[in-house]
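Q: Below are the structure tokens for one structure; questions will follow.
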């Protein structure tokens, strides 16, 4: 490399000499070399800084930055699942999914939104209400999500829009499914309804699962079995460019449709029950005692579930809420009525079981009962009294004195405990939300509640299902079913089977057994015989309704006082306001051998149990047990409203 | 050997001025650049075609530039420099605007950026001036050299084109450095520069320039504004990881998240698609070119050759440092392309011309006696 040095050195040097400048070429060369080496070192050091920075970005921060990159372009769009349908026990659809065409707008893609809406109004009708609703939703929703501008598009409107779609960027017609309850108000308390998801729902539900969903079950089966009905949301992972234009689908997971539910409800019986209560306020619960299936659960008046699906209007909601008949209130599940005489068979069994009474022992029914050493008279409904009376007659004639005496001698602790075994004072555990437990009073409870001690008179009142005792129609039907099965208790339920997929067989739900009521068979027979005599005996309180039945059944009337009557006064229905009239109750099971249905009927302020509730029960039993050529007629346009305000409390 | 070439002899004469090793390294870099640009442009054939034309034209310019012997260059320097200064002044008075700054001069249908010429003219001028003095030069000569670099630098900064001003200034400065200015003066300069930085920041910068510096310190402060580019480019590089996402698979680029991805920010695409490994190879090629440039300079025929060659090599390095620094988010955003990779005819031609000069500076055996 250095072989040519001297000549260059010489040549340039001579040139320099010519210019009269002394330059040491070799020195300068060495100077340059040392500077070049220093420069190379600095270059290397500074580029090392870049290298370290790259190392930091590409190794240390790699994961974090990869996430950021994915956030940039990967958007997860949830796909809502199709909600499961609800059927009655015979496969009749109670809650369906209706397909609807809606006009939706994606804000991000729509330019000059207001102008375009005005333009579109010339083509298809869009009401100012639609627009104000749309604007409201725009504020809540993400600007990348479609927001409904008009729903329920007709085919003609779809055609008109499709031709002009190119003029409206960001506007599109989409299919939407909507919940439909074909029978409207029928069984609306059982089925419940879905409504738009609100913030409270979101706290309760998994936010991820519901990202694409708009509706959620709010009451009834729709709420209780929400997780089964809803299904599992799918998603679409879409690649978006910097301008939010979707490029391609990266991953897709189909949603899993919700499960179809088959209820234990027999639609025909349900409609019959609702019709029998029409124009009144009341409830009917019918249970299959063999397996706890709820065949009918009527609470009248009712409401139309469809009203709630797309957000009920204030007007409609206020009308329902302020209606004195309280149509939103599920009487069958939440009503707390004094059970009245309907509990006498259970009380009799408790007495027999604890040997407080015997089948032979009789009590002198003088028409009133007095606690030894006091003057207060606890009156029998029959002023003249029943005379000497056995347990059998005490049941079918509903002798109050007999049961005053029974409860008094048993004592409240034993009595209360025995009644709890029939499920009183506890939730039955039915698969519906908001069940109420009613109240089986005890001294401890009274002390807690009223800070006073339990008086013997309290026990006497409880002896005929009055006083502090309250029960729901469901509990009454359940306790009646317990007598029908001679003590075997099964949790009442409304879900019969589940269909996960149309290709798979339905999965039956298993009955859940509760602790049985243990008693000797002969005691059961005594009690049941008393109930049979209620309807079939010549002196039974409900012999009128039992007459001519083509099957044998057992029943018990009940008349629950709403209004306390003074000691020397008589109850005069005609003089009392309707809302102070007695509640009319009846419980029954049939047929006698191998019972298939146990039911409770309550008609608020209906009057005597034998006069109002018992005939209703008979008609219902007939319709269920007798072969019928009748076809179902659906009428969901009724709304009764002629009766005055009422409160459902007892005396 | 030359005799056997026959009529190819003139062609050999021309080509022999070049340096094969440097040519190979440049070819490797240009190939990588072309590959990356194809991806960054989203397969835009028209852009690739223009890029190819730039390349051919720039290669011819390089070949021509390599033909001038150093004494000719040294003699021409003063004229080129003076012409450049005049043009820069003209630009200030009647230049056309491009991107908010006055940089272009229109000569008929031909648009011309005088500041580009200064990237070569300034180091030539300073080298020519200092090579006439005894090295290391006296303080007076150094001060004159500084003035020679500073005048065009300020004129360019006034346009404003901070990136080019920086490159022009450093080109002049590197000549002074290689001429042998005392280290103490160098350190003093660095200290003075560091001290003047806040003053420059508050009084010497335009608002948008200040914003760029602030953005560097905290890109998150303006995610969708001035911080957007840095955030997106660091995401692109970082998500590339060690091996990269593969050619044409850079999501940041493909989905248009990275602005100016085919020009100043192409390094981010490269890093995203080829990863740390690719980056190190790319930096390796650059280091090799810089080293080769310094080597060629050190073998220069005279002081002028060495000073000019050294300066051009280090200026190339400054291009690289500023660009990779800004794209990876450790330097403020200034308009400096990734040399020979970013799309753009002007910088390509200037850079290739510089390499032509650099290769032509080596001592010439043939015809030397005729001189």
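Placement of Cβ uses the backbone N, Cα and C atoms for every residue, glycine included.
This is the feature table in TrEMBL:
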- B:20-40: transmembrane segment (TRANSMEM)
- B:52-72: transmembrane segment (TRANSMEM)
- B:78-96: transmembrane segment (TRANSMEM)
- B:141-157: transmembrane segment (TRANSMEM)
- B:162-179: transmembrane segment (TRANSMEM)
- B:185-205: transmembrane segment (TRANSMEM)
- B:265-291: transmembrane segment (TRANSMEM)
- B:312-334: transmembrane segment (TRANSMEM)
- B:340-361: transmembrane segment (TRANSMEM)
Q: Out of B:20-40, B:52-72, B:141-157, B:312-334, B:340-361, what stretch is closest in contact terms to the transmembrane segment (B:265-291), meaning most Cβ pairs under 8 angstroms?
A: B:20-40
Q: Go through the chain and flag residues at least 6 beyond the ends of the transmembrane segment (B:20-40) whose CB is under 8 A from any CB in it; none is fine as an answer.
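A: Cβ under 8 Å, 6 or more out: 47-48, 51-52, 55, 247-248, 250, 253, 261-262, 266, 269-270, 273, 282, 285-286, 288-289, 292-293, 296, 338, 340-343, 355, 358-359.
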Q: Could you check whether the transmembrane segment (B:52-72) and the transmembrane segment (B:312-334) come into contact, where contact means at least 3 Cβ pairs under 8 Å with the two residues of each pair 6 or more apart in sequence?
A: no
Q: Is it true that the transmembrane segment (B:312-334) and the transmembrane segment (B:141-157) have 3 or more Cβ pairs under 8 Å, skipping pairs fewer than 6 apart in sequence?
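A: Contact absent: fewer than 3 Cβ pairs fall under 8 Å.
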